[in-house]
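Per TrEMBL, transmembrane segment is recorded for 32-51, 72-93, 105-123, 135-153, 165-184, 351-369, 375-396, 445-471, 536-564, 576-600, 969-990, 1137-1167 (among others). The feature domain 'ABC transmembrane type-1' is assigned by TrEMBL to 305-601, 1053-1295. Per TrEMBL, region 'Disordered' is recorded for 939-962. Annotation comment: TrEMBL describes 943-958 as compositional bias 'Acidic residues'.
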Amino acid sequence: MALSFCGNNDIKAYSVEYGVLNNGCFVDALNLVPHVFLLFITFPILFIGWGSQSSKVQIHHNTWLHFPGHNMRWILTFLLLFVHVCEFAEGLVSNKVMSSNHLHLFMPAFMGFIAATTSVVYYHNIETSNFPKLLLVLFIYWVLAFITKSIKLWKFAEYKVGPQHLRFCITALLVILYGLLMAVEINVIRVRKYVFFANPQKVKPPEDLQDLGVRFLQPFVNLLSKATYWWMNPLIIGAHKRPIELKKIGKLPIAMRALTNYLRLKDAYEDQRTAEDPERAPSIWRSMYRAFGRPILLSSTFRYLADLLGFAGPLCISGIVKYLKTKDEVATADKMKETYLGVYFMSSTELLQNSSVLAILLFLALVLQRTFLQASYYVTIETGINLRGALLAMIYNKILRLSTSNMSMGEMTLGQINNLVAIETNQLMWFLFLCPNLWAMPVQIVMGVILLYYLLGCSALVGASVIVLLAPVQYLIATKLADTQKNTLEHSTDRLKTTTEILKGIKLLKLYAWENIFCDSVEETRGKELTSLKTFAFYTSMSIFMNAAIPIAAVLATFVMHHFINKTGPSPSEAFAALALFHILVTPLFLLSTVVRFAVKALVSVQKLGEFLQSDEIGDDSWRNGDISVTLEPGKKHLGMTKAINRKQPMRYQMDNYEHPTRRPLRPTETEDVAVKVSNGSFTWGSNLLTLSDINIRIPTGQLTMIVGQVGCGKSSLLLAMLGEMQAIEGRVYWSNKNRYSVAYAAQKSWLLNATVEENITFGSPFNKQRYKAVIDACSLQPDIDLLPFGDQTEIGERGINLSGGQRQRICVARALYQNTNIVFLDDPFSALDIHLSDHLMQEGILKFLQDDKRTVVLVTHKLQYLIHADWIIAMKDGSVLREGTLKDIQTHDVELYDHWKTLMNRQDQELEKDIQQDSQTTLERKTLRRAFYSREAKNQIDDEDEEEEEEEEDDDNMSMTTNRRSKIPWKVCWCYLSSGGFFMVFLMVSSKLLKHSVIVTIDYWLALWTSSKTNQSAEDGSDMFNGTSPAYIGNASLPTPGAPEAEQDSYYLTVFIILCAAGITLCLITSLTVEFLGLSAATNLHHNLLNKIIHAPIRFFDITPLGQILNRFSADTNIIDQHIPPTLESLTRSTLLCLSAIGVIASITPAFLIALVPLGVAFYFIQKYFRVASKDLQDLDDSTQLPLLCHFSETAEGLTTIRAFRQEARFKQRMLELTDTNNTAYLFLSAANRWLEVRTDYLGAVIVLTAAATSIWSLRYGLQAGGLVGLGLTYALTVTNYLNWVVRNLADLEVQMAAVKKVNSFLGTESENYEGSMDSSQVPENWPHNGEIKIQDLCVRYDPMLKPVLKHVNAYVEPGQKVGICGRTGSGKSSLSLAFFNMVDIFEGKIIIDGIDICKLPLQTLRSRLSIILQDPVLFSGSIRFNLDPERTCTDDRLWEALEIAQLKNMVKALAGGLDAVVTEGGENFSVGQRQLFCLARAFVRKSSILIMDEATASIDMATENILQKVVMTAFADRTVVTIAHRVHTILTADLVIVMKRGNILEYDKPETLLEQEDGMFASFVKADM
């Protein structure tokens, strides 16, 4: 048929005799003008613009800004586009009615659509290049379009066309939209004054965009990019080439920074404190609402819109199925009545009865719904992150103001603070994420039920009630899950504790052959943990089962009821709309239980937060802010609030001095010489007990004041009282002017930051090399620093390297010395130092370094021998001052005290001498440090090599190699995981999953057949205008013939339907259980194998693998395998199978769909590939930035007094804000990436729905199948949209979680020790070794085949019962020899023969259980004393008491509660080091073996105990062979034989007497050095 603009069936079409405007066709032509005008003008501009832009490829985002009315314009443009689409559709449908083609019905609409699109592209380009003058073009376009459309509307009204006609409505809408757009344009002119005005306004882009560090552009991009996260494309696609680092994600925009939000929240919080009721606690809920209420409301609006649009899906499906069959042949005569202006006008409802139109509407509704939903999610997440930042800052500020008594009196423990930070803030954040659901879900449920009722009548209510009634069950399961998780956590903490102990004492366990006993104890706690994990798995699978089975049950109930009420089945359109609605309804009900649970948790969290924010604070530190005198009436306990008096008048201070005469009249010069003075002070830690009472002291300026007294007499409290940390009940603390800001303080309990050594010492002060060097020498830190792997740039602190107590304390003292302050407070700086170091520190540090600078020093100490250096002494007793004055004063006035001190000093001097004989504690500390690093470095080299290899791969120019490596799914690891779950379980899981999904498909297919049979039936009777195709196409002979009575056929369908549903529900149960229990058995096996492998690994493995790494496998990785992988796996398989079954169903109904599937599949593949890589990186960033934040909080809480004394609060706050922002940036990007993915997969889903609808409508035209199946296809297409993004997200999660399996797997590859040996244990005599004769023949030993030998060709012979001493320098191979006896090292040549048996042939268990050893570092395990002496439970009590008596411990153990069953805490912390060593001796004695090896066993014991030990060894072990590895040579002077070793060879070998005679010999020189 020929095309012509005005149609060619009517001659009058082109005539204008009744006036130009009365020709409808001309009016439509007039409407084309503005559109064409716009296209003509803008295209050249755009092309020129693009041409010039190609040189500057990417516009930098600091040029962006938004013209006024920006969002309004986008929204209006989108509406305009939609209306144009409607107009176009209406034109096409009307055109079909006419006898010839009338182009003017739809051509202007099409052009309008193109023009509107162009307008927005044009606008966007003008806006990014900030060139507003060109907007005039748009302004003219809007005006012209408005005029032409108004003419058209006016003509319609003249010709009696009204709102009952669709075209009239559309035109009216267009007039309104053009008018509004015109208004927006006028507004831009008004604000920017870019035309008609003399001085246009200069505008800068937002502050954030000028800072190129801000990479989070969501708030600044245009609406389309906001909705689709287009701006993230470079980031996510770039992640493929190189990993996303912190630099790449930049800074947060100002509005999202923690500081901004903290101020918002704080203002809202403080505003509630009214003048009438200052004590009333402000409500956190209200302040949260005031600060963050608006975005939540916005998000809720989006949510409501999305939910309402969600219901469009089922309604459109019902419409499409209903109108598919109706023929278009409604009498054309009737239609022609509706012609005006020579063309046909459609009624407003008719358009919605066209299935193609409905399909497009469905697509648009889906796209919009998804966009709104993601927008709602994004807004809540952004708000949640803002809230978390604000809360963290609030908590932190509160921590900095907490009164010290709170921390020490245990009102606020560190644990509580850590919980607030790690748990409570996150729970509130999650609550915010989910809270729009709280009010959106009920609305959604009610709407859904109403629609169901409208579709199916009463029977729908039955189905809905099934869903509603099962919701409480869901809630119950959810709460149960939370409880079980708590239990599991407790058990896993226990298991970790045991595992840690085992790994710390692994050497001992191996030497005593006790691995298996301890392994069993871990397995036992693991068993308990697994029991609660089983419960957890059961409840999880129940919850999954409910989620899958409820819709089936609801559908079943509904249709059965429908059958009994209406005596027939539903029609296809109703049935499938109902099905889709049930799918929609299940989600909110399933989530509701979760949301309610989070709401309950949030209530608890807010209560805890409230209590914390209301807890006591310290005074206003006003002594630091001005000249303060703190006056409080006695008895009136003020919450530490001090009153600042007269900050303005420094003179006031001196007057105060004269007002309070102290005990001795002050010499006039002294008034200026007092740095701090306390007069008449009484201080408390918060409970009304006075800690310090009646304090009158002064600290002279520039001199060394010492505070001495017994333990617990209040020395440290006095320092803290002067620092303002205590509550003053009465009295005052005066600070002289120049000192109040400048205090350095070293606390008694050393406190380190998680930072480098240098940062710990400089502590925020500028770095001065000379001063730094001097301080380090004074504290003799240089040797310790030299041992650290990176010198003073090594990280120390909680997450860094563990230093010993003395090293930590010296760093703290160094920090106090380094600060350039007038006053230095040192609280017992010598407590953890040995005598040499404390002398050096006293001389070099305090007397030289500090006194040279004329700094005022206050030193609390127990070492009375330093009193001679003091300029001023304060002696304390029981919380008050006993004496104050110089040493001379005290000598003359208080002889008694002086004598007491003298005796004490003598005693200390004796200790001194004893101490000097010992190898000092410090060298020992340094030795342990060196050992730790030696072994760790070897490991690091191995690690580094691996990493280098990886890096080389990455640096390979061939980019595709690395990208491939990053986007591959770790199939191997997955297979390893599944196979450890057991093949039967895997088979069961796979088969039940497939069965379940096929049954579910069958149920829906059966429904389609049943409902379609209805329509066909009625068609046969000719009673309806449906176009009847006989049901023969089903091709199933068993179906009742169409002639059979309807009822019988119906009941047949019904029974099959019921059977299928029942089968589906059972299969749901089975699958949900199999997946969870597959996960459980995998977890059980993996942990069991890991534990056995690691406990039986050779000792070398523990030397080169850091303990933390091994523990991580047992904690974090095991936790992931236990609890996270099974649900992820379940969710992944479920969503994948759902998507696949849906695609299969659609393809089987309309094969044409497969053609469209190819491009969609490709798109989906790329989306998931890019997303998985980026998501993994962002997840890692989020994890790695979270740890420093949590550490910073706990660190601050521990070091409160120090931070406040140094006045460093501001610096720490700043650091906290930076850490919070970094973590929030990572988290924001992670959420935005999730939105990026979901928007894309949702749009893909919408396209799938559109193609499914289009193909089915198209194939129906050619009469291919029945309505029911179309409904089935569309319902399935709708579910795909929900599940596509889950497939990708679960894939990404699973990939991250499989890393845990990979790490565990890497440990499963370690070699075990060879436990078997070539002899059978039955061949070894029962009492071997009975003599204790040792022959060492040509022995060569190395730690690892890769390393050099540590013993080379050693030969020795020890007679039974001999006492042998082995000595030599560090590293000469002494300890290696002792390990060789136990076959702990690789003996690759030669042999050791004990009592005639070569030890290499023995099974390890036998060999090690027959020898005894005492190790250098004593190891005790938590448990009872009995367990520590004899874990195998083989000995009698008498034997144990005997052993304790020999080890001089009997009386001490008798005194303990429980005797042998007394508790030993973790690591034996409740005994001193010497006692622990004695326990180890007793342990060796309990095992009555004839060979005892002592490896430097007396290193950590004082002289007296050591002498006892020597005696014991001589008497108790008289008839046994004892090999002693000597730490101090004089311990082996009495031995029968001495072996001197050097570099793995025997240098001297003889009786000690003979060796001493050779004066130039090695042994002789050792003995000389040791005397």
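Using the three backbone atoms N, Cα and C, a Cβ is placed for every residue, glycine included.
Please treat TrEMBL annotations as automatic predictions, because they have not gone through curation.
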### Task
Mind checking which residues of the chain, 6+ beyond the ends of the transmembrane segment (445-471), have their Cβ under 8 Å from one of its Cβ atoms?
307-308, 311, 314-315, 318, 546, 550-551, 553-555, 557-559, 561-562, 565-566, 570, 574, 577-578, 581-582, 584-586, 588-589, 592-593
### Query
What else in the chain is close to the transmembrane segment (165-184), if you only count residues 6 or more beyond its ends and a Cβ gap under 8 Å?
69, 72-73, 76-77, 79-80, 83-84, 86-87, 90, 94, 112, 139, 142-143, 145-146, 149-150, 152-153, 156, 338, 345-348, 350-351
### Message
Quick check: do the transmembrane segment (135-153) and the transmembrane segment (32-51) share at least 3 Cβ pairs under 8 Å, counting only pairs 6+ apart in sequence?
### Response
yes
### Query
Where, among 32-51, 351-369, 375-396, 576-600, do we find the most CB pairs under 8 A to the transmembrane segment (105-123)?
32-51
### Same-chain residue ranges lying at least 6 outside the transmembrane segment (32-51) that approach it to Cβ under 8 Å
107-108, 111-112, 114-115, 118-119, 121-122, 125, 129, 134, 137-138, 140-141, 144-145, 148
## Note on the structure
Under 8 Å Cβ-Cβ from the transmembrane segment (969-990), and at least six residues away from its ends along the same chain, one finds 1071, 1074-1075, 1077-1079, 1081-1082, 1085-1086, 1089, 1121, 1125, 1133, 1172, 1291, 1294-1295, 1298-1299, 1301-1302, 1305
